[in-house]
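Copied over from TrEMBL, here are the features:
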BINDING   Asp163, His165, Asp280, His465  Zn(2+) 1 binding site
BINDING   Asp280, Asn321, His429, His463  Zn(2+) 2 binding site
DISULFID  Cys42-Cys124  disulfide bond
DISULFID  Cys45-Cys111  disulfide bond
DISULFID  Cys73-Cys84  disulfide bond
DISULFID  Cys178-Cys183  disulfide bond
DISULFID  Cys184-Cys252  disulfide bond
DISULFID  Cys589-Cys593  disulfide bond
DOMAIN    38-128  domain 'Saposin B-type'
Amino acid sequence: MKNELLSSAEQKLQEDVFEILKRTQHVTTHEYRSDVRMSLDCLVCRSAFSALFELIRAGASDDDLIRSLSNICVLLGIESYNVCSGAISLNLNIITYIIRNTPEATPRNFCGLVLQRSDNPNFCSYNDSRFEWQVELPQRMQSANVPTPVIDQSPLTVAILTDAHIDPLYEAFGVAQCDEPTCCRKGQNLRPSSDIVTDGSEVENSVIRHGDSVLLNLGDVPKIKEIRMRNSMKAQTRYVEPAGYWGDYRNCDTPRWAFDDLIERMASTHKFDVVYYIGDTIDHGIWETSYELIDEIHQYLISKMRTTFGKDVLIIPAIGNHESQPTNQFAPMSVTEPKLNTTWLYEGLTKKWDPYLTEEAKASLRVRGGFSRLVRPGLRAISINTNVAYKYNWWLVYDPLEMKRHLEWLVQELHGAELAGEKVHILSHIPPGVHDLAHVWTREYNRIVNRFSSTIAAEFNGHIHSDEFKIFYSTVEPKSPINVAWGVGGATAYTNYNLNYKIATFNPPTYAPQSIKTFIYNLTEANLTPNRRPHWFQLYDMKNSFGVKDLSAQSMDDLLQRMVTTERNLLDLYVAYVPKLSDTRWPYCNNNCKLDNVCRIVTTVLWQREKCDQLQLLYSNTNT
């Protein structure tokens, strides 16, 4: 990057070192899961950030930094030059601002967060005391002191959807297997078959761990080159199915007309009082987003829902990580500079969502991207901005305490609801316990749910596009189940999913879910008849399909126990419903996949896998 190598050293670097380091498939084309590949990613990330730090201190211009980083990105096989330079150009001013203004910012901090794994807290680790904090919780109220508010006694029906990911560039019958991270878009090229070389396993024996260092055996390079060349020569020109009209299982987002059909089907098929929208409206073209595109698609979504559902239907939204510019970046309120702040997003959404917000909610949304409002007497919805704790949000390195301030506000709102005798539904885009969130956030959020478990009636999440649920357990013995977070799925096929929405019913005064039903259409079937609207159908009813008496945390835990012991057929059913019967996912879910799904249900704090280990052991020790 500094361009100070002798020609012989540069040749050695590119021909030998990079031969081991580079990916034979782009990051978004194939996910390497091997420890060796991950170790190389950590090495590359730290090295690149270290060079970037030095170049910034040396006064390099932004143009030079973009060019250097883009070239490295391409040489390492991360993405194409167009994607690399686009994403780097959008993000560079934020990264350089953080490096210049944050003494604690280090390559280890940046890489440790971005490469954070769900199964190993010591992988690519960082040590920053700023990420160790605790939220103060109020004392528990005695049940005798909980007030009984005036409550609307009529049942409540809520339509729930998330992750629209509307792509205005979607091209029906276009290129669905392209040379960019998101396909089925106008003007794209077919990915050459020769790009698909190997799975990366040829470097397994060329990488040696030595303490905290990674050593490369350059003597293996000729053998690695030979394997890759041999596999490349085997690659054949192949026919690739074009993009489907109603969406596509491959790396493709949602056509406008498919989103329109979903909204119109919801309105014509169901009667509901409220809509919960859990965020992520913008597409996955993260290397070419713009303020104008984001503004237009946000307006499109809310206008379509408002005109179709009617002005009397309350819509309560949450913000997803794809709403910002650049994608994933949510700055603290203290950052006000143009092209750095997130105030533009919060102000814009406040105007678009104005008909559904109280004055208090507007004021809160402008500050933190989250708000609280009464749905009806006795029930409050709290929409929280989990993106401030997202591992791809560079601003985490700048000010880790911003996460704490958001959770302190959540505690304040929950305590206020508790004092008023209200029940609460929490809407948050990113689910609890996943590796996408900073560890301290997941731990403290878990403490908050434990403290307010009698107030929180339900939680709803999006982000992962799969249809899952998570069970919270008490932090004190006997660690009984206390709460459930319901994954909503996604109104996008990205990647290898059928589109869906949910209809849930709630009864006062508890406002716990009485019924949750999921509706989908099958993409394969829909694309056979592009001129006919998709056939939407009920995939399942959570209560009746799984034979549970209710949807309480205890009942869901009982179901989970049956899944891994006496009624394995229920686990088979669950893993089929997680991808919503996707033709390209659920038939390939083996035992490891099933157990991974089980673990995700019980992991609400990152790296706390005791419950997961217990269930896996129970599964392996139970005869069926």
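Heads up, residue numbers simply count up from 1 along the chain you see.
Positions of Cβ are set from backbone N, Cα and C atoms, glycine also.
Counting in whole angstrom, His463 (Zn(2+) 2 binding site) lies 19 from Cys183 (disulfide bond) by their C-alpha atoms. Highlighted in sequence order, Thr162, Ala164, Gly320, His322, Gly462, His463, Gly490, Ala491, Thr492, Tyr494 have their Cβ within 8 Å of the centre of the Cβ atoms of Asp163, His165, Asp280, His465, the residues recorded for Zn(2+) 1, and are not part of that set. Neighbours of the Zn(2+) 2 site: apart from Asp280, Asn321, His429, His463, residues of the same chain with C-beta atoms within 8 angstroms of the site's C-beta centroid are Thr162, Asp163, Ile278, Gly279, Ile319, Gly320, His322, Thr386, Asn387, Ile430, Gly462. Take the CB of Cys184 (disulfide bond) and look out to 10 A: across all protein chains shown you find 29 other CB atoms. Counting only the Cα atoms, the space from Cys45 (disulfide bond) to Asn321 (Zn(2+) 2 binding site) is about 22 angstrom.
Using CA atoms as reference points, the disulfide-bonded residues Cys73, Cys178, Cys252, Cys593 were checked against His165 (Zn(2+) 1 binding site), and the closest is Cys252.
The Cβ of His465 (Zn(2+) 1 binding site) has 25 neighbouring Cβ atoms from other residues within 10 Å, across all protein chains displayed.
Residue pair Asp163 (Zn(2+) 1 binding site) / His429 (Zn(2+) 2 binding site) shows a Cα separation of 9 Å.
Ranked by Cα separation from Asp280 (Zn(2+) 1 binding site), the recorded positions Cys42, Cys178, Cys184, Asn321, Cys593 are led by Asn321.
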